[in-house]
Amino acid sequence: MSVKQALLALLEQEPMYGYQLRTEFEARTGSAWPLNVGQVYTTLTRLERDGLVEPAGADDEGHEIWRLTAAGHDEVAAWFTTPVARTQPPRDELAIKLALAVTVPGVDVGTLIQRQRSATMGALQDYTRLKRQADASTGRTDLAWSLVLDSLVFAAEAEIRWLDHCEARVRRVATESTPLIAPARFERDEQEAGR
Amino acid sequence: MSPSSVVLRLHGVTRVHGEGATRVEALRGVSFAAHAGELVAVMGPSGSGKSTLLTIAGGLDQPTEGRVEVEGTDLVALPRAGRSRLRRTSIGYVFQGFNLIPALSAAENVALPLELDGTRTRAARQAALRALEEVGIVELADRFPDDMSGGQQQRVAIARAIVGERRLVLADEPTGALDSETGEEVLRLLRARCDAGAAGVLVTHESRHAAWADRVVFLRDGVVVDESGCEPVESLLETSDAR
Amino acid sequence: MSPLGWLRGWLRGWRLPLRVAARDARRARGRSLLVLVMIALPVAAVAIADTVYSTADVSGTEVLERRLGGAEALVEVQAGGGQAYQKPDPEDGSAYDGEGDARPLTLRAVQRILGGERPGAVLAQGWVRFDTELGLGEADVVETALGDPLAEGLVELLDGRWPDDTTEVLVSPELLDRGPGDELVLDDGSRLSIVGTAQRARYTGQPRAFGLPGTFGLGRDASREYLVGGDPVTWDQVLELNAAGATVLSRAVLADPPADDELPMEVQWGSQLLEASVITVLVLVVVMVLLEVVLLAGPAFAVGARRQARTLALMAAAGGTPAQARRVVLASGVVLGAVAAVLGVLLGLVGALALMPLVQRFSSTRFGPFDVSWSHLVVVAGFGLFSALLAAMVPAWLASRQDVVAVLNGRRGDARASRRSPLVGLVLLGAGVAAAVWGARTGTGDGGEVAIAASALLSVLGMVLLVPVVVVVVARLARGLPLPLRFAARDAARHRSRTVPAVAAVAATVAGVVALGIAITSDEAQNRETYSAALPMEAMSVVDYERGADYGLHESAVTAVAEGLEVQRLRGVDSSGRRSTSVTFRTEEGADVLSGYGGSLGSGVLVADEVPGAIPGLSDDDRAAAQQALDAGGVIAFTDAPLADDRLRVVLRVHGEERRRSAAVLPAATTTVERGYAPVQGVLSTAAAARLEAPVRDVGLFLPGPVSAAQERDVAEVVRGASADAYAYAERGYQAADETAIVQLVLAGLGAVLMLGGTLTATFLALSDARPDLATLSAVGAAPRTRRGVAAAYALVVGLVGAVLGALVGAVPGVAITYPLTAPYGFGDGANAPSHYLDVPWLLVIGVVVGLPVLTSALVGLTARSRLLLVARLD
């Protein structure tokens, strides 16, 4: 799991204590995936059990410092050199929702898609705005964050593109056979009413 | 947002191409506004009428019905020469294919609208150099378009669109021919211009690029179907009374 | 591979390019039309000229009845001919050795030599004078057996009947127009009744009269020929008659002429009539025309090639060879050239048919039936095709070497200019200048003109190679120019394959116009400068060259029409006729004082005791000195150079039967001829004339004037009516020959048309090429008139650059040709005549160099469309 690998990767840089690890993680990923301290300590315990980290005493303020073992170093190296596997598609609520919407009668698929697209677009605009702010400075951490943002941007873009595609498919089906959705559903007043 | 800051306003614009069987409604009753300091993206698949919207906003084409106002001037009522003048002085265009004139150097291309407007060559060149400075390629001022990369050419095109005191920048797929990194550069420049007080309209089919805008207008079959943006979209509501 | 197989493969390689080219030609209508016009027009012009020439040239067995009538042979005999030599057609060449019997052969003698049963008739031709309503007219007359089968076809009866006897005649409509009435009254008083109208089958125009032998009483100077019938006359019989001093036009010989080497040596000349220099000049003209056509059609091919650039680049990317790319462009030359050639020939035939009646009016020989020389036309058409191919050659070559990557990346514009060709151009230009200098130095007769003509071609060719450099330099200089001009200049430099031929075409045209203009104007300047008045201004003289002319008659006739004009009799030494007399003025040392003179005073030496008012150009001092000399019983003399002598030796010679010589040294006043000719050699006082025993008589009338134009016309008419050899001359100062003005006009017109052609081609091709740029201009807010401005600027750049270059290049041979052209005639130029005249027709030059381009540019600006479809570009 990625939290485990992420902590190992952070410790690769220098030995740290638990809270510090959490701060670093969030700084680098732009708080995209919030992490609570409890989760950090649980993970550290598990890593120690597996022989990947070991305690390295305490700092001046009494925080317990963790560092990588030799096996831990190997694990980090292996992680960076192995591609992320896409064995099983993550459960995607939107995909499931659309799949059901086109099969359940009485659902306005067009409006559903457009509303989703507006929402995703809003998110995309937010990400882009964050990116613009991130671009203002040029630290190494900011690069890291900016890349994470890019990942989110591209994911959102992919979703919009997928929605566009769905819409085109749905409309084609609608014009070819029995109207699944009336073209009028795309008219503006419907949208206004839906708001 | 006060009405005086509206730079571009379209009122119930309809544009019909052809007659009878070949009749195509490129735009149907589109209403839309762009304010100073705002970048508006127009998104839609090909054939949705987004390019027509832009040509009408720039006065290159006339609507079949409706009104187009640029800084309070009604383009529809304006004679052809007047629309030309408006393009020279108030509207900047950025095209997908860059559309630089290969016979003119970068600086001359940028100075083109000013020169066409009768500005003295020297003054026009000074302004052009400032615009090139703004897009960061002042050192290429005396190069010819054929000796530049695509990104550099598009920067020159943007410089041409912002030279002088233009308050409306219209961009038609400005990143279309560029890779995503260079494309983002171009968007950043557009964005900066809008942040500096201009109104921008960006036509694109890529959501990633549209996301640079404050507002995104979705066009389908010549009709605005939705808008999204961080603003409490009061401009959106204007469209319903135009209908 | 067998040669046949190779050929088949080669042809197969052309099939696709030709198909592509044909399709392309149909699609790009305007451009195709342009090429068609540029090539078809010259082809048509040459085809018209050739067909008119073929038709006008009546030779061989063509319409032989116009020369032979119904006879087998036409025999011409010559008094004192001796042995004659002839070509199969004696009109092509004949000669006599002139040592024979003085008496010409009779018809009977001719019939005897030919042998057999042969009808014969005399064909005599001469001229007569006849009374007209106004005075005297002259008519060519033919006497022959009119109405006889032998003469059938020589004379066409238009109206009336053939004459029955020698009191009846037929006249031509032209003679009838002179108003003889029902009778033709000859100047010997005989009256002939007119029984109808007729015309000569071979000749047109001219008052003519036709009668039976003996009708007109033709004198010894009339030509006499014999029409002979019977069996065909063979070449051997012709040679027999030649031996007897006659030349023969034989139907049978013309139909089957002997080989050239069977001809007598004496007439073997002239088979290679064309001199080397004529051929050289002809070749130069052909090359120049070809060059002009190629240059005019070139831009269209260049644009076509660039339209196809992407296709060609894709072909190259897919593995096409440069040769294949070249072929695609060349194929358009083949297609358009072939169509243009055929079209041009057809146009030429139609044009020739239409023009024939007009041309006939200028020719006295009646044209033969419409005659098309297909072999010539094939060559002319081939010429058209060749020029199209040549025009497509450079674009094709450029297209085959284009930068594939640049084209596929959508970059427009031509490759960098070659460094070598401008150098070659410079060398050629240098050679041209050198040839011009050499030609100017060498002068007439030693190939000077040919060298100068060659220099014109060399310079123009060199210039064509230099045009790219000039265009690029102009583009560099355009930096500070207003936008449309800058845009046009830069664009012209970017698209050199299109611009260069157009500029070169304009330049070549202008070079030709300027060169010829300088030549003509300088020639004219020489004529003007060397003009010498024969009389004082506005004065008039009447001279009758007939022997024993009656000036009393003329005087009363002139006085009758020119009321209030003073008429003086001029007396002079009788230098004409039987007592032909010459007078020479010499220094006491014996040197002639004057080399030549020319005037309108009836005699070179006047006799008077008062200085005659008829002598022009005498100052008051001259006049006083001259009067003194005459008072002293001396003479006045014109001299080539100023003389200090106050006495001259005057030598008088009378030639002919009365042969004698007398001389005297007499007091003399001399006047130097500043330029041109002296109006007379000099004037003798009555005393001097008497001392020399000079034959003195009235030599003319002098009207001190001023004579008005109307009076001049009246006087001329009455004196012509009174005597056919009488001439009236009024001094009006130097009058430029109409031809000069016409030639200048034609030059300017032709130059304008060609320039307009070149400029318009380039401009509209450029405009259609620059459509995307113009759309951009419009999108960034160019007013509609900016597009017009750009169009006008294109025309101005092409026209002006071409014109300036052309004027510079044309000036070289133009100035050079003035040296042989205005070289002194060698006599009568006066002492101070310059050896060379140079006058540049500035009006023409400025008109062509500045006026025409500006005009063209304005025209283009006004007619260019200012509207553009923009939206298509933006979507």
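Glycine residues also receive a Cβ, built from the backbone N, Cα and C atoms like all the rest.
Copied over from TrEMBL, here are the features:
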{"type": "REGION", "residues": "C:79-98", "note": "region 'Disordered'"}
{"type": "TRANSMEM", "residues": "C:281-305", "note": "transmembrane segment"}
{"type": "DOMAIN", "residues": "C:284-403", "note": "domain 'ABC3 transporter permease C-terminal'"}
{"type": "TRANSMEM", "residues": "C:328-354", "note": "transmembrane segment"}
{"type": "TRANSMEM", "residues": "C:374-400", "note": "transmembrane segment"}
{"type": "TRANSMEM", "residues": "C:421-440", "note": "transmembrane segment"}
{"type": "TRANSMEM", "residues": "C:452-478", "note": "transmembrane segment"}
{"type": "TRANSMEM", "residues": "C:499-520", "note": "transmembrane segment"}
{"type": "TRANSMEM", "residues": "C:745-768", "note": "transmembrane segment"}
{"type": "DOMAIN", "residues": "C:746-866", "note": "domain 'ABC3 transporter permease C-terminal'"}
{"type": "TRANSMEM", "residues": "C:789-822", "note": "transmembrane segment"}
{"type": "TRANSMEM", "residues": "C:842-864", "note": "transmembrane segment"}
Quick check on the region 'Disordered' (C:79-98): DSSP residue counts for helix, strand, coil, in that order please. 3 helix, 6 strand, 11 coil
If one takes Cβ-Cβ under 8 Å and requires six or more residues beyond its ends, the residues near the transmembrane segment (C:421-440) are 447-452, 454-466, 468-469, 809, 812-813, 815-820
Given a Cβ distance threshold of under 8 angstroms, which distant residues of the chain, six or more beyond its ends, lie next to the transmembrane segment (C:499-520)? 288, 291-292, 294-296, 298-299, 302, 391, 394, 456, 459-460, 463-464, 467-468, 470-471, 492-493, 740, 743-744, 747-748, 750-751, 754-755, 757-759, 761-762, 765-766, 798-799, 801-803, 805-807, 809-815, 817-818, 821, 838-841, 844-845, 848-849
Residues from the same chain, set at least six apart from the ends of the transmembrane segment (C:789-822), whose C-beta lies under 8 A from its own: 429, 432-433, 436-437, 439-444, 448-449, 452-453, 455-456, 459-460, 462-463, 466-467, 470-471, 474, 483-485, 487-489, 491-492, 499, 502-519, 522-523, 525-526, 755, 758-760, 762-763, 766-767, 770, 774, 777, 836-838, 840, 845, 848-850, 852-854, 856-861, 864
Just to confirm my parser: what is the rounded mean pLDDT across the domain 'ABC3 transporter permease C-terminal' (C:284-403)? 82
Residue numbers, six or more beyond the limits of the transmembrane segment (C:452-478), whose CB comes under 8 Å of its CB atoms: 280-281, 284, 287-288, 291, 295, 417-418, 421-422, 424-436, 439-440, 485-486, 489-490, 492-494, 496, 499-500, 503-504, 507-508, 511-512, 515, 797, 801, 805-806, 809-810, 812-813, 816-817, 820
For a three-state summary based on DSSP, what are the helix, strand and coil counts in the domain 'ABC3 transporter permease C-terminal' (C:746-866)? 93 helix, 0 strand, 28 coil
So, by DSSP, how many helix, strand and coil residues make up the domain 'ABC3 transporter permease C-terminal' (C:284-403)? 99 helix, 1 strand, 20 coil
